[in-house]
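According to TrEMBL, the protein carries these features:
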- 27-49: transmembrane segment (TRANSMEM)
- 41-277: domain 'G-protein coupled receptors family 1 profile' (DOMAIN)
- 61-81: transmembrane segment (TRANSMEM)
- 101-120: transmembrane segment (TRANSMEM)
- 140-164: transmembrane segment (TRANSMEM)
- 170-190: transmembrane segment (TRANSMEM)
- 197-225: transmembrane segment (TRANSMEM)
- 237-256: transmembrane segment (TRANSMEM)
Amino acid sequence: METHNGTVLSEFILMGITDRPELQAPLFGLFLIIYMISVVGNLGMVILTKVDARLQTPMYFFLRHLALTDLGYSTSVGPQMLVNFVVDQNKISYHLCATQLAFFIMFIISEIFILATMSCDRYVAICHPLLYTVIMSQRVFRALVAIPYLYSTLVSLLVTVNIFNSSFCGYNIISHFYCDSLPILSLLCSNTHEIELIILAFSTCGSHLTVVTVFYGTLIFMYVQPESSHSFDTDKMASIFYTLVIPMLNPLIYSLRNKDVKYALQRTWKKLCNIFP
């Protein structure tokens, strides 16, 4: 990508969460534990809802894809962030930065719509129980997941291509711990109004889907606040919450407190014990 002074950006430098050396080791340990819990919980939920015959219902189908999206966007950010704690200079290549942004946007948008779909599924199950199997047919609930994936891929490519086809000013330091759209926009010399409108339009639509207040609250806080009061340091704190903490909490909130999931875990554990006595 050519910049205004004729140079080519081949990499970016991520500022990370903190520049205080004494906090690097404790934060690395903390976020490693959070990330590992998130991976084990979400991957376990994906496998469990796939192999257990009693969990083959629309609700658990949606929970499986919620776990997949949690696993996807936390993995697109988590490993790079952990590496940043143990290396001297937090570099990320130009193409890897674009890839990270694309996958992060795709998974985060997918999760927003899957959460909305889950709320519709519960509404039908509670308010129209006799018609539930008719309304939520296999064709319908598969389409309700496939469409968000297709839409999120389109938006992800649109935003990423627009950003990385724009002109950078030669300044390659990103004030964040991963490649997010807003910090990268601040590095562009070309007009960013079109990209900002795409992001704002998506954020505004997302704000009406009040399925999980905390999840949407952090996203709205980051992407819809006025530019005059915008702080990348504050964004980092909000990003930590919805990129690492929420993916860790979702399996606990939606799955592990569910008695059907607990019974499925017990059945799977007994089968494993019989296979490997």
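Including glycine, each Cβ sits where the backbone N, Cα and C put it.
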Check the transmembrane segment (27-49) against the transmembrane segment (237-256) for contact, please; criterion is three or more CB pairs under 8 Å, pairs 6 or more apart in sequence.
yes
Considering every residue in the domain 'G-protein coupled receptors family 1 profile' (41-277), what is the mean pLDDT value?
79
Six or more residues out from either end of the transmembrane segment (140-164), which same-chain residues have a Cβ under 8 Å from its Cβ atoms?
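Hits for the transmembrane segment (140-164): 1, 58, 61-62, 65, 94, 98, 101-103, 105-110, 113-114, 117, 120-121, 181, 184-185, 188, 194-195, 198-199, 202.
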